[in-house]
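Peer 1: For H563, H567, C665, H669, the entry in Swiss-Prot reads Zn(2+) binding site.
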Amino acid sequence: MEKLGMNEIREKFLSFFESKGHLRLPSFSLIPKNDKSLLLINSGMAPLKPYFTGKETPPSKRVTTCQRCIRTPDIERVGKTARHGTFFEMLGNFSFGDYFKKEAIPWAWEFVTEVLGLPVNRLWVSIYEEDDEAFEIWNKIVGLPPERIVRMGKEDNFWEIGTGPCGPSSEIYFDRGEEKGCGKPTCGVGCDCDRFIEFWNLVFTQFNKDEQGNYHRLPNPNIDTGMGLERIATIMQGVDSIFDVDVIRGITNFVSQIAEVEYGKDAEKDVSLRVITDHIRGITFMISDGILPSNEGRGYVLRRLLRRAARHGKLLGINDTFLYRVVDSVVENYGEAYPEIIDRKDYIKRIVKLEEERFKETIDQGLTILQDYINELKVQGKTVLEGSKAFKLYDTYGFPLDLTKEILQEAGITVDEEGYTKELEKQRIRARSSRKEDNSLWEQDIYSTLGDIKTKFVGYDTYESNSKVLAIVKDEELVEEAEAGDDVSIILDVTPFYAESGGQIGDNGILENENVLIKVKDCKKVGDRFIHIGTIERGLISVRDEVKAQIDVVSRRNAARNHTATHLLHKALKEILGDHVHQAGSLVADDRLRFDFSHYQAVTKEELKQIENRVNEKIYQSLNVHIEEKTYDEAVKEGAVALFTEKYGDKVRVVKIDDYSMELCGGTHVKNTNEIGIFKIVSESAVGAGLRRIEALTGLAAIKYLEEKEEILKEASDLLKAQDKEIVSKIESLQQVLKTKDKEIEQLKIKMASILANSLINSAISLDGIKVVVSKVEDYDSEALKALGDILKDKLKTAAIVLASSTPEKAIFVGMATKDVVQKGINMGAVIKEVCKVSEGNGGGRPDMAQGTGKNPSKVEEALNKAIDIVKEQLKN
C-alpha cells in the first residue's frame with residue numbers, strides 16, 4: 001500500500017464523500033455553540049448535534065467533515081503511550097435521515113480498499129451481536145468472509161449516552177501482524193494488545209431510547225461515522241505511534257532542535273517531547289478559536305495544557321520561554337488544512353508567550369516548595385500531601401492541581417483532593433469549571449418535542465405582524481391555554497421579534513387581540529422556533545389564537561444604533577491596535593454596548609481617544625449600511641469578518657458599512673451611520689489574560705452621560721472657584737498641600753509615639769532581666785500598635801511587649817519580643833492566642849510577632865492581666 005501523509009489522507013477522505021453527494025463543511029470551532037453539555041468539541045458528531053436532534057435544519061442531508069477535537073480525561077497518559085493525545089482530528093461522513101447501512105458500509109469499504117489501498121486480507125470488522133442486517137451487508141454485498149465479521153456485545157458495539165437516539169455500530173480493524181500481538185491463543189479483534197487496531201467506527205442511529213429503557217425504531221435513521229486521522233495515518237505510514245506520523249513528527253523534531261536533544265535516545269526525554277508536541281497543537285487551535293488562558297472553563301483547560309507543556313520544557317533543560325516558537329511549526333504543518341491559523345499566528349504566539357512568562361515568574365519557586373513538601377513527607381513516612389498545601393501551590397504559584405498530582409505521582413505521593421476542594425470553597429476562589437456532559441447528550445428539552453414547528457422571522461422589514469399561536473409553555477410544560485397573571489413562553493408562526501443572538505438582546509413588546517394582552521419581556525431562539533417570554537396582563541390565550549405581535553420600536557432602534565456602532569468599533573480597534581484584535585464576545589442592548597476583544601495589554605488613553613474619534617468620524621461621514629445575503633464562501637472571499645465562535649450555514653447575511661466594514665451578522669442595524677448620533681466610550685478594562693473590554697453608549701444615552709459629566713464638572717468648578725481649564729491644576733495644587741500636611745501629621749505621630757513609648761517604659765516591669773511592657777493604648781489600630789511596639793523594642797533592646805486597643809465593636813492585640821527574649825522561652829504566638837480567647841476572639845503568629853482580635857472589648861484589662869501571667873509562666877519553663 002502507498003504511504004500517505006496526513007494532509008493527503010484528509011483530502012482523499014473529504015473528496016471521496018463529496019463524490020458521493022456529501023457537502024464538505026469546514027471544521028467547526030472547538031467552542032461548542034449553544035451547547036452547555038460540552039466544554040470543548042470532542043468528536044466529529046458534537047457540532048452536528050442540532051442537526052441530529054432536529055433543532056436545526058442541516059445545510060445538506062449528507063455532510064462530510066474533518067473536525068478538530070480536544071479531549072483531556074487521559075492527559076496524564078499523553079506522552080507515555082503510542083496512542084494517547086489531547087488534540088486530534090476526526091474524519092466523518094454523516095447522514096441526516098437520508099442513506100443508511102446499505103450505503104454507509106459499502107462506501108466505507110470502497111474508501112479503505114480502493115482509495116487508501118489497504119490490503120483486504122488484513123481487514124476485519126466487528127458488529128453488534130444482534131445486528132443481522134449489518135452482517136448481511138458485510139458478507140453478501142461487500143463480500144467479507146463470515147470469519148472476518150466478529151459479533152460483539154453492547155459494551156463494544158452499541159452507541160448510547162443516556163436517553164435519546166442510539167444504535168448499533170460496526171468497527172473496521174487493521175491487522176498489524178502476529179509480531180505485534182500478545183501471543184495468546186485468544187488474540188483477535190477486541191484484544192487489548194497492539195495487533196488489531198480499530199480505526200473507523202460506523203454508528204447506525206436507528207433507535208430512540210425512552211426513560212424506561214425501551215428502544216423505539218426511528219422513522220428516519222441517521223449515520224454518524226468517525227475515523228481518527230492520526231490513527232489511520234499510523235497504519236498508512238507503517239509506524240507504531242501517532243508521534244511518528246509525518247505532520248506530528250515534524251513538530252517533535254522542531255522541539256528537539258530547541259531542546260538540543262535527539263528524539264528516540266532517552267525514554268524520559270521522549271515523554272517530554274511528546275507531551276509538548278501534543279499540547280502545542282491543542283494550544284494553537286484553542287487560541288485561534290478565541291479561547292484565552294484563565295482559571296475556569298475552557299480557559300483553564302488551555303492554561304493547564306500550556307503550563308504542563310512548559311514544565312516538560314523545563315525537564316528538557318529549556319529555561320527560557322519557547323512554546324511560542326513551536327507555534328511556527330504547528331502553523332507550518334497544519335496551515336494548508338487550516339489557513340486561519342496562518343492569519344492568526346502572531347496573535348497566537350503573543351498569547352502563548354505572555355502565559356509562559358507569567359508561569360515562568362513563579363514556577364521555580366513553586367517547584368522548590370513542592371520538592372520541600374515531598375522531602376518532608378518522605379521523612380515523615382507519609383504518602384498524602386495536605387489539600388491546603390496543594391491549594392497554596394495553585395493559588396500562589398499557579399500550579400494547576402493536575403500538574404501537582406503528576407509531579408507527586410513520580411514520587412509515589414497522592415493529594416488530599418477533598419481538602420484541596422474545601423480550601424477552594426473556603427477562600428471563595430472560582431475553581432476550574434469542569435462541566436460534565438449531561439445524562440443525555442441530546443438535551444431532550446420541552447422544545448425538542450414540538451416536531452416541525454417553526455417560526456418565520458419578518459422583523460428585518462416590519463415592526464408588527466398578524467400571527468398565530470403554535471404553542472404555549474407554562475411552568476416548563478406545554479399547555480393548551482393560559483390566563484392573566486401567568487408567566488408564559490409562546491411560539492408564533494410569524495414574528496417581528498428579534499430573538500437574542502449574536503450578542504444582541506431579544507426584542508420586547510406586546511402580543512394582543514381583543515381578548516388578551518401579553519407583555520413580552522424577551523425573545524429567545526431554540527432551533528427554528530422563536531420563544532416569546534412574558535406575562536399575560538389580561539385575558540386568556542389559547543393555542544391557534546390569532547394575535548397582533550408588536551415590538552417596542554424605540555428599544556429596537558436603540559439596539560440597532562448600538563449594533564452598528566459595535567461593527568464600527570470592531571473595525572476601529574483593528575485599525576488602531578492591530579489586526580490581532582478579534583471579537584471575543586459582545587452585548588448589544590438598547591441602553592449600552594459592550595465589546596470584548598483580544599489584546600495583550602491595557603488600551604492607553606491616547607489609543608482610546610483615537611478609537612472613539614475614529615468611530616465618530618465614520619458616524620459623521622453618514623455611511624450607508626447595506627445588507628445582503630451571500631454564500632459563506634463568497635462573503636469570506638470578499639473580506640467579510642466571521643467570528644470564531646459562530647456556526648454559519650451555506651447562506652449568510654452580510655452587513656456592509658460602505659467600504660469601511662463588512663461582517664457576517666444576523667442582527668438589526670441602522671440604515672445610515674448618522675442615525676447613531678454620537679459614540680462615547682465609558683470604560684476600558686481587563687476581563688482575562690489577553691482579553692480587554694470596552695463599554696460604550698450611543699445616541700441619547702451618550703448625550704445624557706455627557707450632560708451628567710458636564711454637571712459634575714460645573715459642581716467641581718464652583719467648589720474649587722476655578723474655570724474649567726484650571727480645575728486639574730487647582731486639584732494638583734491642593735493635593736500637594738495635603739501631601740505636605742500628611743507629612744507633618746506623620747512626624748507629629750512619630751513624636752507622640754516616642755513620648756508615649758517613654759511613658760510606657762517608665763511603667764514597665766522587670767522579670768528575669770527582661771523589661772515587660774503590657775498596656776492598653778487608646779485610639780490605635782493594629783498598624784499603629786505595631787509601630788509603637790517597634791519603637792519600644794528599639795529603645796529597650798531586651799523586651800517582651802503586649803499592647804492593646806479597642807473600638808466599640810472589638811479589641812485589638814499585638815505582641816512583640818526581641819530575639820534574645822525569644823531564645824529565653826517567650827513565644828508571643830502562644831501569648832496572643834490565649835489573650836484573645838479571654839476577649840472572645842482569635843489570634844496567633846510567630847514567637848517574635850503576633851496579633852489578634854477579640855469580640856468583647858470590655859475584657860481588654862482582664863486579657864492584659866492574663867498576658868503577664870503567661871509571660872511569667874513561659875520564663876519559668
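Placed from the backbone N, Cα and C atoms, the Cβ positions cover glycine too.
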Peer 1: Restricting to the same chain and to sequence separations of six or more, state which residues have a Cβ under 8 Å from that of H563 (Zn(2+) binding site).
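Peer 2: Counting only residues 6 or more apart in sequence, the Cβ neighbours of H563 (Zn(2+) binding site) under 8 Å are Q504, V588, L593, C665, G667, T668, H669.
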Peer 1: May I have the list of same-chain residues other than H563, H567, C665, H669 whose Cβ is within 8 Å of the Cβ centroid of the recorded Zn(2+) site, in sequence order?
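Peer 2: Leaving out the recorded residues gives A560, T564, T566, V588, V625, V655, E663, G667, T668.
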Peer 1: Across all the protein chains here, work out how many other Cβ atoms are within 10 Å of the Cβ of H669 (Zn(2+) binding site).
Peer 2: 25
Peer 1: When a 10 Å sphere is centred on the Cβ of H567 (Zn(2+) binding site), how many other Cβ atoms does it contain?
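Peer 2: H567 (Zn(2+) binding site) is surrounded by 25 other Cβ atoms within 10 Å.
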Peer 1: Tell me the Cβ neighbour count for C665 (Zn(2+) binding site), meaning other Cβ atoms within 10 Å of its Cβ, over all protein chains shown.
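Peer 2: A count of 26.
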